[in-house]
Structures are given as structure tokens and as C-alpha cells.
Amino acid sequence: MEGYVLQEGVCTQGCSPGSYRDGDRCLGCDEHCVQCRGPGQCQQCQPPHAPLLGQCVLECGRSYFLDVSTQLCKPCSSDCALCDGVGRCRACRDRTFLIEGYCAPDCGHGYYAEHRTRTCQANTHPPALQVNGSLLVPVGGTSPLTPALLAVRDPDSPSERLVFQLVQGPSNGRLLRFGEGEAEGRGGRGRGGQELTGDHTFTWEELRSGRVRFRHQKDKSRTGEFSLRVADPQLFSQPETIQVQVVSMQPPRVTALAPLPVKGPGASAAITKSVLQLDDPDNPADVLIMVLEPPRHGQLARLHGDRALSRFKLEELAREQIQYVHDGSDWEEDWAVLQVSDGHSYRNVLLQVHINQKAADSPLVQSVPMTWVKEGGMVRLDRKYLQAHFKEVGTDEIVYTILASDGRPQHGEVVLVSMPADGPPGGWRPSLTDHQGFTSTTSFTQQDVDDGTVWYHHFGRGSDSDSFQFQVSTEAAPLLQGDAQTFTIGVLPQIPGFPQLDPDCDLQITALEDRVTEIPPSALSFIDSETPSEKLIYNVTKPLPQGQGAIEHRDRPYTPVIHFSQADVNNGKIIYRPPTAPSHLQELYQYSFIGLPESLEHLFTGKNLLPYHTDHPSLCSFSRCSSSRSSSCPFLSRCRATPSPELDCRRPAWRRNHRSRAGVYQVLDPLFCESHLETGCIGDSSSGQEPWNRGADGLTASGRVSQLEWCALL
């Protein structure tokens with residue numbers, strides 16, 4: 001019928017709401033649609049739905065918003081990804097940033113662009129940097145910069161947005177930035193990290209995680225500074241200066257402490273390393289020793305002065321320039337309380353003094369009893385090693401007695417050698433095959449020593465050292481004996497194919513302190529039957545420290561030698577040059593030399609130029625001899641070049657007498673004093689422990705050194 005349409009079996013004049021006309025029929029709109037023009041063309045939806053692109057949806061979705069007045073989903077602006085209406089954008093598309101409901105390519109003044117959220121953040125307040133105190137750094141070590149040191153306030157910028165900028169670099173070190181998980185190195189002294197210079201920056205997170213650290217340069221000042229400023233994305237704080245204070249984090253240590261023996265009333269005794277040795281691993285130059293309580297029966301003074309000391313430096317003690325002077329009273333005991341301070345921490349030390357009131361009546365041993373012997377060979381114990389005297393007593397009445405039981409040598413014997421009737425020729429040595437030419441003995445006289453008839457014979461059974469103990473007395477008063485002494489013998493192994501020590505080389509020289517001294521073949525000579533002397537090469541592996549002289553080649557004066565040949569030694573080309581005295585001490589040096597420490601160590605190796613023939617490192621020690629110690633050489637020094645065989649660096653170790661062995665120490669607050677407990681240590685052949693060893697620059701870590709290394713202990 002014309003003018004009517006069919007809807008649900010009924011002819012009507014028009015389609016009802018929720019349907020649309022399709023020809024002469026009415027069809028239903030999509031679900032939730034109340035007005036449409038066809039499928040997918042909804043114009044009005046049943047609340048709470050709204051039309052979106054012809055469909056009824058509960059939410060308009062991304063890039064659209066619901067217009068409440070029309071109940072239609074309308075599109076956001078083209079640069080807005082999420083919005084709630086016109087001018088009410090909630091998220092912007094790429095390359096634009098949300099600012100007050102709109103998207104803009106530039107945030108403008110007073111705002112900064114937050115790229116992660118694509119928003120403009122208000123930024124009207126600059127950050128403020130506050131430095132809380134000083135940065136404390138160990139000497140030569142590192143310390144991290146922390147939020148506690150660098151406090152930052154910024155009311156309109158989160159901390160993760162803050163960046164620190166270096167304005168002025170450190171004056172006494174370096175500022176380093178480490179990567180996440182990057183190790184700095186043992187003790188904070190590694191080489192890792194990126195150095196921050198110029199306008200380099202670091203983040204708050206790097207600061208918070210301790211990855212920004214200051215490293216002190218040991219040769220720089222103990223006080224310094226550097227400047228930083230902090231910035232948010234737009235504004236900077238005022239620069240602030242961080243003061244750096246370098247302090248000793250490791251307190252001074254007492255490594256040796258024993259009573260100081262004084263030979264008699266009114267006598268003086270230097271405080272040697274075997275009596276008191278102090279160490280400060282990171283700050284030795286600043287260590288000061290105060291005399292809290294001076295001795296009651298004497299005084300502490302410098303070796304070449306008579307004024308009582310109230311303080312002195314660690315360097316003076318290390319050079320054995322401090323002595324105790326007894327006042328001549330009849331007291332046998334004295335003591336002093338010392339305070340050792342490095343400016344940051346301190347320790348009190350009780351120094352005990354033993355005065356031998358009977359010393360004037362005892363024989364006096366003036367030599368240092370130590371020498372070397374080839375494995376299975378013999379060495380003469382002459383006046384260089386055994387020299388004693390007693391007032392108004394001849395050399396034939398001064399008797400050396402080797403102590404029984406534990407005092408006798410374990411790997412050899414002391415013998416008296418029958419000398420040729422017409423006197424021994426130069427370089428004469430007794431025959432090892434003719435045992436009838438020498439007799440084992442446990443006693444001998446000073447005259448026997450002077451005549452050269454006292455020898456040590458090594459049995460050659462693989463030991464690396466030997467020793468024996470002796471006492472000196474006189475025939476007139478046999479009960480009046482000196483202190484027990486230990487004679488130590490190092491054993492040089494005989495390794496086929498390697499350079500060997502020349503039998504006539506005694507590894508000692510006497511050096512003048514005011515001029516250069518030639519090192520002759522009698523002091524330093526190795527031989528190899530298959531290698532000429534010009535191809536036997538010495539490599540210096542540990543030069544003398546600055547201020548202690550130098551080993552030089554005559555053709556290259558004033559330049560420390562690095563390597564030289566045996567031919568150079570044989571031709572007189574190798575010399576020792578002592579250090580130049582400061583101008584204010586040169587006059588004093590004319591009378592006695594005090595600039596050198598007691599022992600100067602010089603480490604070298606000898607090798608030939610044939611493959612695999614490298615000798616062992618050897619240590620040359622220059623020991624001064626001044627008028628205060630010996631009237632026979634008031635201006636001379638002695639050099640001992642002492643190569644040690646495959647030692648475990650416990651034997652041989654030299655000691656003047658049995659009292660110089662090291663002790664196990666305890667801290668008795670507030671004083672540090674020697675315990676009565678003792679352990680086998682330097683010079684104690686009874687212990688099986690390895691208390692210390694010497695390595696590439698002196699002491700090694702543990703146990704024996706390798707087969708091709710020697711260590712020398714003086």
C-alpha cells in the first residue's frame with residue numbers, strides 16, 4: 001500500500017524509534033541505538049552509551065571525548081591523544097607537550113618539557129645546593145660524595161631531574177664517576193672510573209648510589225677544594241665550594257718494641273729498629289712522636305746533640321737518629337712514655353731501658369757476626385765478623401765459647417785450620433778433601449781469629465742457613481762473660497749453569513761519604529765458566545730511594561745505572577755516589593754523616609746473555625759508619641751486597657744478640673708495651689712459622705720465594 005511501510009507484520013506510516021526504513025520495510029538499528037540511518041550509522045544512543053563512528057560505545061576512547069550536551073563522542077584536537085573536552089587534553093602526541101589542557105611544541109618560559117610524560121612542568125624556583133661540612137678522604141685514597149654532604153632543595157623539580165655540574169676542578173685530587181657495577185680496585189686505589197673535568201655533569205642517582213668519588217693524589221696538599229652547582233632542566237643553583245680534608249684513616253702501628261739495652265752507666269744507645277719500629281701506612285711524613293713522660297735517669301736526644309727532646313719526627317726514628325743518654329747513676333732500669341700521632345689518631349708507647357751496670361767489666365764485641373758460605377764450602381771467620389776487646393787483656397786471652405746444645409751449628413761446624421808454615425798466599429782456602437787439615441772446635445781466641453785459623457765448614461746437605469751462639473770471656477775471669485751472641489751464616493746454593501759468586505768476593509765495600517766510591521770485583525763478582533764477563537749482566541730491579549745516593553756508571557755520571565756487566569765492575573766503571581748534603585748541614589757533615597739511614601738497600605739481578613741463565617735478585621746495603629760508633633772509620637760507610645739463596649726469608653736474619661728477637665705484643669691501655677710472650681721471628685731459628693718475607697721490593701708475601709729469586713735480610 002502506497003505511503004505505508006511494513007514493520008513487524010504491521011503496515012505503518014513510518015518506522016518507530018530504534019529502527020530505520022529500508023525500502024518498504026522497517027529494520028531495527030544496532031543494539032543500544034535509538035536513532036540511526038542504517039546499520040553502523042547510529043545517530044543517537046540509549047544512555048549511558050554514545051555514538052562513535054556510527055556505533056554505540058560506553059567510552060569514547062583514545063583521541064575522542066564525550067560531549068555531554070549532545071551525548072556525542074567528538075574528536076580531540078589533532079595533536080592530543082587523550083582529552084575530556086575542548087581545551088581539556090590529558091595526553092599529547094609526539095613532538096608536543098601538555099600545558100594547561102592544550103598541546104604545544106614548546107613549553108615556554110617558566111616551564112620545562114618532561115619528555116617521559118610529554119608534559120610541561122612548572123619551573124619557577126631554581127634548586128638550592130647546601131654543603132654540609134667537609135669531605136674527609138684517606139691519604140692517597142678515595143671517598144664517595146653522598147647526599148648527606150650535598151643536600152639539594154627544589155620545590156618544583158623531582159630529584160631524579162637534578163644534575164650536578166663541575167664548576168671548578170679539585171685542587172688536590174680527581175673527581176671520578178664510575179659506571180653501575182664498576183669496581184674501583186682494592187683499597188680504593190685502582191685506576192677505574194671516568195675523570196670529571198671542565199663542565200662535566202653527574203646525576204642525582206649517581207650521587208645517591210655512591211658512584212661519584214673523590215680520589216686524593218698523594219703528592220698533593222692535604223687540604224683542597226672544588227666547586228659544584230646543581231641544575232634542574234632550566235635553572236641553576238649558585239655554585240658552592242666543597243672543602244676537602246685529607247686525613248689518615250690508618251693509625252700509626254708499632255711493629256717492633258723491645259727494651260733498649262744500654263752498655264753501662266753514663267753510656268748512650270741509639271733507638272734502633274729492633275728496639276722500636278713504628279709504621280704509618282698512609283701518612284708517615286706527618287707522624288710526630290711526643291715525649292709524654294721523659295726518662296727519670298737519663299734523657300732522649302739526637303745522636304749529634306745533647307739537648308733533651310720533647311718531640312721528634314718518625315723519619316728521625318726510622319733513621320736511628322734518636323738516642324737514650326744515661327745520667328751515670330746506679331739505676332738499672334729506666335723508661336719513657338711516648339705518644340705517636342699522625343694528626344688524626346694517636347697511640348701511647350712505653351719504652352723500657354735496661355742499663356747494664358756490669359758492662360764495664362765484660363768483654364765488648366764490636367763486630368756484626370754474619371757471613372755467607374757456598375753450599376758444602378768453607379768461609380773464614382775473621383776480624384770483619386768477630387772482633388772483641390777487653391781492657392788491658394791481650395787477644396790471646398779473649399776466648400769465644402760456642403754454647404752447648406742448641407747453641408751449636410746444625411748444618412756445619414766451626415773448625416780450626418792448620419795454616420801453611422810460610423803463611424797462606426793470597427786467596428788461599430783450605431782443602432775440603434783433606435779433613436786432617438782442620439779440627440772441629442767449640443772455643444777459640446781472638447788471636448785465632450786474627451790469624452785467620454777460625455773457619456766455618458758447611459756440610460752441604462741442602463740447608464739454606466745455619467747459626468751458632470757464643471759468649472766472650474777472658475782467661476783471667478772466665479765467669480765474667482758477655483751477652484750471648486748469634487752468628488748467622490747464609491748458604492749460597494750451587495746451581496749448575498747459573499752464574500756463581502766468585503770465591504774471593506766478600507760482598508762488602510767501604511765507601512767515603514763525601515765522594516764517589518768504586519765498587520771493585522772484590523765486592524761484587526759473579527763468574528760463569530761458559531760466559532765472558534762482558535756478557536754477565538746485572539739488572540737493577542730496586543734502585544736506591546731518592547736522597548740515599550745512587551749506583552752509577554763512570555761514563556754516565558749523575559744518572560742511576562739500570563744495568564751493567566761484570567766487565568764494567570772489573571774495569572772500575574761502577575761507582576756509588578752518596579747524596580749531596582744540604583747547604584745548612586754541609587759543615588756538620590765534615591765531622592759526621594747523618595743524612596743516610598742505617599742501611600741503604602739496592603736490589604739487582606745478575607744474568608748472562610745465554611738463554612735461561614738468569615741469576616737471583618740480590619740486595620746491596622750501604623751501612624754508614626760514623627765517629628759516634630767507631631773511631632777507626634769516622635767518615636766512612638760500608639756497603640754489603642748480600643745475595644740470599646732460596647730463602648724462606650726467615651733465615652738468615654741478623655741480630656746483634658739474643659735479646660733482639662721480636663716479641664708478640666699486646667696493647668695495655670693506655671700504653672703499648674712488650675709482652676712476655678715470644679714467637680720465633682727474625683733471627684729465631686727455632687720457630688717453624690713464617691712471620692714475614694721479602695719480595696720484589698723487599699719482603700715477600702709468604703713461604704719460600706721462587707727458585708730463581710734470592711732475598712737478602714740485613
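Keep in mind that glycine also has a Cβ here, set from the backbone N, Cα and C atoms.
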Checking 175-197, 428-450, 612-634 against TrEMBL, the stretch recorded as region 'Disordered' is 175-197
Here the stretch out of 126-231, 251-341, 498-594 with the most C-beta pairs under 8 Å to the repeat 'CSPG' (361-473) is 498-594
For the repeat 'CSPG' (498-594), the averaged pLDDT of the predicted model is 79
DSSP composition of the repeat 'CSPG' (498-594), residue counts helix/strand/coil, works out to 12 helix, 34 strand, 51 coil
